[in-house]
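Note sheet for the following structure.
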Amino acid sequence: MTAMTVFFPLDTARLRLQVDEKRKSKTTHMVLLEIIKEEGLLAPYRGWFPVISSLCCSNFVYFYTFNSLKAVWVKGQHSTTGKDLVVGFVAGVVNVLLTTPLWVVNTRLKLQGAKFRNEDIVPTNYNGIIDAFHQIIRDEGILALWNGTFPSLLLVFNPAIQFMFYEGLKRQLLKKQMKLSSVDVFIIGAIAKAIATTVTYPLQTVQSILRFGHHRLNPENRTLGSLRNILYLLHQRVRRFGIMGLYKGLEAKLLQTALTAALMFLVYEKLTAATFTVMGLKSALKR
C-alpha cells in the first residue's frame, strides 16, 4: 500500500499511455506534466482509493488461496519449487476470476475525467465504486465486469517468467561466488522482473483497454476478453503505431516496478525491525 501510494502517479501515466493511443508525449514526466496542467494537481492520484482497495483484496485472495492449497497438497512434507510454481499459478487464476470486477471498476474510475486525445473513447460518469458497479451491470451486462479476464489469465505466467530468469541469473552468479549479498538478490530480482514485464507488456496493454471498455470497437469483435479480440487489438495497435505501439507506457511501468520493489524492500525491513523491537520489549516486560 505504501509503495503503490508513493508511486501511484507512475501507474496513472502508464495507464494513460496504454489506453489513449493518440497521446503524443512518450516520456513519463511529460505525460504527468500534461495531466497536472490540464486536469489539476491531484489528477495523477485519481482513483487511488479503489486501486488500494483492490490491491488489498487481491493480495488477500492470492495469499490465502496459495497457503490453503499448499497446506492441503504438501501436508507436512518438504515443498518443492515445482509444487510452489503450480500452487502459485492456481492461486493466480483464482485471484483473477474473483477480483477482476474490482480492477475493471478501478480502471474506469482512474480514467474518469481524463483529457483524452483519442476521440474514439466514450467518457464515463461514475459517482463512486458502488455506482460504477451499478452502471456497468445496467448498461453493459454483468459479464462486462470480467472484461480483460483472458489476458489477465495469461498474465498469471508473468511471475513464472520472472522466477525462471531469477533462478537462472542466481545460478550464474553462484558459479562465481559462494554466497549472494542482499544487493545481488535485489539486482537480479529487479532484472528478472524487468524481463518478465517487458515480455508480457503487450498483454497488459490489451488488458487495460478491455477493462476500460469504452473504445468504439469493431462490432464483429465485441466479445470482450476473447482470444479473437485480443489478437484484433494487438493487430490494430501494430498497424497504427508499429511494434513500439505495443510498448507505450513501458518506461513508466518499469520505473514504477523498480522503485516500488526498492521501497517495499526498505519498508519491509523497517517494519520487521520495529516488530522485533516491540516483541523484545514485551518479552522483557513479561520477565
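Residue numbers in this text run from 1 along the chain shown.
Including glycine, each Cβ sits where the backbone N, Cα and C put it.
Here is what TrEMBL records for this protein:
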type     : residues : note
REPEAT   : 1-72     : repeat 'Solcar'
REPEAT   : 79-172   : repeat 'Solcar'
REPEAT   : 180-274  : repeat 'Solcar'
TRANSMEM : 85-105   : transmembrane segment
TRANSMEM : 150-169  : transmembrane segment
TRANSMEM : 181-203  : transmembrane segment
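Here the transmembrane segment (150-169) has long-range neighbours at 81, 85, 88-89, 92-93, 96, 100, 103, 188-189, 191-193, 195-197, 199-200, 203-204, 206-207, 210, 225-227, 230, meaning same-chain residues at least 6 beyond its ends whose C-beta is under 8 angstroms from one of its own. Per-residue confidence over the repeat 'Solcar' (79-172) averages out at a pLDDT of 84. The DSSP breakdown of the repeat 'Solcar' (1-72) into helical (H, G, I), extended (E, B) and coil residues amounts to 57 helix, 0 strand, 15 coil.
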